[in-house]
């Protein structure tokens, strides 16, 4: 009970603080039940009250503040897998080899082009004091996804830390021992892919068993999948989640926060998912109550959610782009936290109402999803913000955005952020930055900065995960069963930051003990049980063995000691324990009973506290007891159950096998099972608790969810086509598809699309097989027929010709043409062009025949006609002749002519030339007749007249 000899500037724990008095009154007014040492529920007080009461005091070593950042050392490669020297993830700081010096653990990848280089990573550890290599896991079978985040802590209670990350294929979790050797890898499951995100560690239900969180999935410390949340993997757009745990409502069980989605410790929904996109999350206290609020950033916006998932406000990312992981802290020292947020082209700080406080230009074009941290380097109450973009590392004044330090940096960027921790155990903070030169010239590896005069404030020697809060891990790497709700302490109301002057569970930090609610109850055998609850409101841990003395009357005035209770568990910062003193026989009578923490019964104490004046509480207690009837405890009966997965690949079943209460009293039997489910594939341990209001019994059964549902497979319709080749043809068809309730179900077919199918009908069978071996099939036919299509043949038009020969004429015509789908189709005709056709009409038929024997025909007529054209005949117009007196006539000559296309056409006249023509006019008709009998005639007159002048 020695008074603290030194106090830290931000947590002096004055006993007269008005918030402290109000909380003490609230604590004294509460009752505490139960008959065993338990963790008492947190009192329901406002956030400000709890914050003011819990501020830390300590006796820290002095330091001289200074701000001259410089490079302390750099790791640029190793003899082990030297080509793996690029770093693009958030390193962790933790002591992996137990030498008392923090170490830096990170994953590395090769330089090169393309996203594939970030998938194959080598996990490494180096010493924090000088960067020397400690180990590297170079086994290709145990590669880690190099761009994803990792987490570290003692997951199995062996006193050594383990490291867990994302395997190189992005499916599930891979974990390593403290020396880098492979520990286990979880079985791949449906929809479990994580690209750049990473896991976190937490003891969700406070049972001492650590869970591993990956987005909406929770695994046991051995890698068994415990449950899958209903709102998907979530996280940053296309690059994966970074979920974490926090006890938002103070019920002693931690919630899983995965961006907009919040789940209870057993996987059920804590509240309906907010109507905003998935993204990165952080928790802090932004109002007057003790419950945490949640900041969610991503998809171009940032939102603040109340503890019931209601959206308080939403704002666009001021710097543009997707928006990186939020950083929470009181940057302007106004008593209310702000939000630091990287964007594509600017770093911004938003006030608690979402309004822009300041922004500063940056360059983050590659991902727009990096993170930042904050620290009060000079411990002057003024936070700085540390952020590295693609080409510059900057330290900003948190209140104004003024750049206090800037230097060259290089990174292609994923989700990484700088880390503040005391990496060399010198009681001064260092800055750890991951670098790579895959996109920009500069640096690769790990760079550690410090103050030139080691003038940066003291801080913790640990940073164990991307979603780091200052109470989620102890200094020795243990995962606390019930971590202190850090947002209830004003100077710890931060996220993704270490705090100046806060050394976690360091022996330099002091506890502060408060007792409240002195009560008494009687056990079944008549034993009087005096109890009080002891709360540690300081930052230091109270070791096991704390003594609590009970007095009848005020010990300061000579009260009588009734006995001393000894606590068998330590009391962490913010936690409480119940101290119980059994008295049998019960003393009897009614007295004022005092309980004094850290009192061995003589007034002497063991522990130095921030305030030694508030260790006692009192109440008027009846010290009498009467024996009560013995209650028969309930009987818990469990069975192992196997259940088929439903359409969402989850199953729910009860393990109850007839649990009952033999005496059905004192209260109705209540049966609960935890976790409730639904569960993913595989075995899941479920604890059944049967209680009758006084006693309880438990048993454990296993719910095994198996996938018995066949995939649904769909085949294309039957396909039919012709082939010109007798050997068949190549046939393409749509791919068969399948869907399955538990993930992928690859489809294989007996024949692949594009293969050559023979002539005839070929059955094609396709089968889909899911990850559990369930199969389903479908089929269709591919029919290939030979060439059955007739060729196409075209004949010339019918033709008519004339001939002078009675035997006919030689006739030529255009040859018929043909086409065929499978090549040439020669044409043959009944009469060839140029053949002699007889007079009259001759039908000509033509036939085309292809290589498959398919024929087609056409026809036309050749008509040969004899000579029908009459000859051309020419006669004189008239003929004049004279005779003398006494003559009756005269011989008259005249000439006619005739021509014909087919030869001579003799002319005959009604009066032949040279004959005697009598006086007067004699009509003459001449007729030409050709060889075909065609005739033509002409007519003229021969006039004979008397000429007296003639003799």
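Each residue's number is its place along the chain shown, starting with 1.
Cβ atoms here come from the backbone N, Cα and C positions, even for glycine.
Predicted automatically and left uncurated, TrEMBL annotations should be read as such.
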Item to check | Given ranges 589-609, 610-630, 631-651, 652-672, the stretch to which TrEMBL attaches the annotation region 'Disordered' | outcome: 652-672
Checklist entry - Along the domain 'HYR' (786-866), what average pLDDT does this model show? => result 90
Checklist outcome for this item: For the domain 'HYR' (786-866), the DSSP residue counts stand at 0 helix, 38 strand, 43 coil
Next on the checklist: Within the domain 'HYR' (868-946), count helix residues (DSSP H, G, I), strand residues (E, B) and coil residues, in that order.
Outcome noted: 0 helix, 45 strand, 34 coil
